[in-house]
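Student: Pasting the feature list from TrEMBL:
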DOMAIN    41-73  domain 'EGF-like'
DISULFID  45-55  disulfide bond
DISULFID  63-72  disulfide bond
DOMAIN    75-193  domain 'CUB'
């Protein structure tokens with residue numbers, strides 16, 4: 001009787017162990033499959049997803065100069081802007097932590113060109129993430145302004161900030177964020193004006 005009981009327990013445990021082992025393998029295969037699917041789908045891209053770049057072969061975003069991230073959604077590096085007007089922004093959604101971004105507005109390159117910059121939206125970590133604006137093409141040029149904190153966001157705004165004006169024919173904007181916290185960032189519109197052309201136009205009229 002005791003021998004039969006021991007044989008039954010041995011067979012039961014062996015069967016249970018084989019069944020458990022089989023289920024364990026299926027579970028592991030399911031997890032691996034899910035991981036592969038998620039990785040493949042996350043690397044897929046479309047032209048819409050690559051907000052500041054282009055989608056190549058439907059698998060990866062190739063970022064334009066001055067942008068980084070899986071979908072080129074974060075600013076990074078330096079970019080030169082030659083249009084007479086435009087918008088400067090840190091990217092899509094919250095800006096990235098531990099980042100340095102620079103924009104050189106060189107609209108025309110004439111020393112008689114005035115560049116006006118207007119803050120449309122601005123929200124950074126106060127005292128830690130800063131935007132510097134220089135009247136020239138380098139950080140050694142005269143410093144016009146330094147911005148940090150919450151100034152314009154949705155319905156909130158502090159008192160009106162006057163336009164920042166660069167008279168050297170170019171303006172350099174440099175943004176730095178630390179490694180701790182990020183916010184929605186900024187949108188800045190700019191326009192350039194040739195001083196002598198505007199003066200002659202006003203004189204003729």
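Just so you know, glycine gets a Cβ as well, placed from its N, Cα and C.
Heads up, TrEMBL stuff is auto-annotated, nobody curated it.
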Student: Report the same-chain neighbours of residue 72 (disulfide bond): residues 6+ apart in sequence with Cβ closer than 8 Å to its Cβ, ordered by sequence.
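Tutor: Long-range Cβ contacts: 50, 51, 52, 53, 61, 62, 63, 64.
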Student: In the same chain, who gets a Cβ under 8 Å from the domain 'EGF-like' (41-73) while lying at least 6 residues past its ends?
Tutor: 79, 91-93, 96, 101-103
Student: So, by DSSP, how many helix, strand and coil residues make up the domain 'CUB' (75-193)?
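Tutor: Helix/strand/coil tally for the domain 'CUB' (75-193): 0 helix, 65 strand, 54 coil.
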Student: Given the model, what does the mean pLDDT over the domain 'CUB' (75-193) come out as?
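Tutor: The average pLDDT of the model in the domain 'CUB' (75-193) works out to 90.
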Student: Please count the residues of the domain 'EGF-like' (41-73) that DSSP assigns to helix (H, G, I), strand (E, B) and coil.
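Tutor: DSSP composition of the domain 'EGF-like' (41-73): 3 helix, 10 strand, 20 coil.
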Student: If you count other Cβ atoms within 10 Å of each one's Cβ, which of the disulfide-bonded residues 55, 63 has the most?
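Tutor: Result for the most crowded candidate: 63.
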Student: Is it possible to get the count of other C-beta atoms within 10 angstroms of the C-beta of residue 45 (disulfide bond)?
Tutor: 21
